[in-house]
Amino acid sequence: MKELKHFILVGAPASGKGTQGRFLADTFGLHSLSTGSLLRREVESCTELGRKALSYMDRAMLVPDEIVNDMVRGWLSEMDHGAWLLDGYPRTVAQAEALDHFLNQRGTSVDVVVWMDVSRELIEQRIMRRRECSTCGYVVQTPEEECSKCGGKMVSRKDDNMEAFARRWKDFEAMTLPVARYYEARGLVVKMTVSEEREPADVSRDLARKLEEYRQ
Ligand code: AMP
């Protein structure tokens with residue numbers, strides 16, 4: 001049986017990565033890193049890194065590989081032997097190669113890549129409804145005003161509008177789908193195809209079953 005300690009979650013914006021990421025973290029006891037959330041925190045704290053990242057994020061563009069690679073390496077170095085999940089990274093093949101190189105040097109590797117394959121139509125519907133907690137980052141698919149986790153204020157993300165979505169989708173197809181294929185060629189992918197709205201708990205159940213099969 002394969003040991004599953006190092007997870008990667010790949011998927012378009014609003015494909016359910018955040019929700020399934022939390023499920024995986026709870027089920028497998030993983031420390032998780034969402035590069036998007038970390039970047040947004042850097043922006044809010046007005047750090048040097050946040051300032052650099054903001055000019056790209058404001059235009060719904062990918063932040064340059066070197067910035068994100070450094071950030072992720074820093075985080076992974078602190079993880080040491082822990083089990084982890086990366087959500088929203090790698091987003092380009094260059095990032096995937098940099099990650100492989102970094103892990104190889106430390107004598108370790110990615111164990112499994114969960115690919116959330118969700119149709120564009122479904123994602124468009126979701127994006128217009130999505131709200132995120134400005135305090136804890138909790139994401140919901142309904143236009144709520146108060147966070148059910150911490151009571152914080154729920155807001156629309158700046159990049160959740162159709163124009164920004166069109167750009168992010170284009171980047172996703174051009175740059176991130178090749179990442180899924182990069183890992184697929186290595187036999188590391190568990191693919192979840194979602195073509196119509198389903199309860200997150202049902203998707204999690206399917207995902208758990210597929211991971212069990214993959215592990216054998
Ligand atoms: P997300 O919350 O994952 O949708 O990320 C929000 C924004 O952060 C993206 O639109 C990018 O500008 C930036 N970002 C997050 N992760 C990455 C990454 N791996 N590479 C480049 N930019 C990223």
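Glycine residues also receive a Cβ, built from the backbone N, Cα and C atoms like all the rest.
Marked as ATP binding site by TrEMBL: Ala14, Ser15, Gly16, Lys17, Gly18, Thr19, Arg130, Arg198. Taken from TrEMBL, the feature region 'NMP' covers 34-63. What TrEMBL lists as AMP binding site is Thr35, Arg40, Met61, Leu62, Val63, Gly88, Tyr89, Pro90, Arg91, Gln95, Arg157, Arg168.
Features as recorded by TrEMBL, highlighted on the structure.
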residue	record	DSSP (3 states)
Ala14	ATP binding site	coil
Thr35	AMP binding site	helix
Met61	AMP binding site	coil
Tyr89	AMP binding site	coil
Arg130	ATP binding site	coil
Arg198	ATP binding site	coil
Where the C-beta lies under 6 angstroms from ligand 1, the matching binding-site residues among Lys17, Gly18, Arg157, Arg198: none
Largest inter-residue Cα distance among Ala14, Ser15, Gly16, Lys17, Gly18, Thr19, Arg130, Arg198 [record-listed ATP binders, Å]: 15
Of Ser15, Thr19, Thr35 (the binding-site residues), the residue whose Cβ has the fewest other Cβ atoms within 10 Å: Thr19
Least surrounded among the binding-site residues, given as Ala14, Met61, Val63, when other CB atoms within 10 Å are counted: Met61
Rounded Cα separation (Å) that holds between Gly18 (ATP binding site) and Tyr89 (AMP binding site): 12
Spatial neighbour of Thr35 (AMP binding site) that is closest, considering only the binding-site residues Ser15, Lys17, Thr19, Arg130 and their CA atoms: Lys17
Same chain, 6+ residues apart, C-beta under 8 Å of the C-beta of Arg91 (AMP binding site), given in sequence order: Thr35, Leu62, Val68, Asp171, Met175, Thr176, Val179
Integer Cα-Cα distance in angstrom, Thr19 (ATP binding site) to Arg157 (AMP binding site): 16
Cα distance (Å, whole number) from Arg130 (ATP binding site) to Arg157 (AMP binding site): 8
Of Lys17, Arg130, Arg198 (the binding-site residues), the residue whose Cβ has the fewest other Cβ atoms within 10 Å: Arg198
Candidate nearest Arg198 (ATP binding site) in space, where candidates are the binding-site residues Met61, Val63, Tyr89 and distance is Cα-Cα: Tyr89
CB contacts for Gly18 (ATP binding site) [other CB atoms within 10 A, all chains]: 24
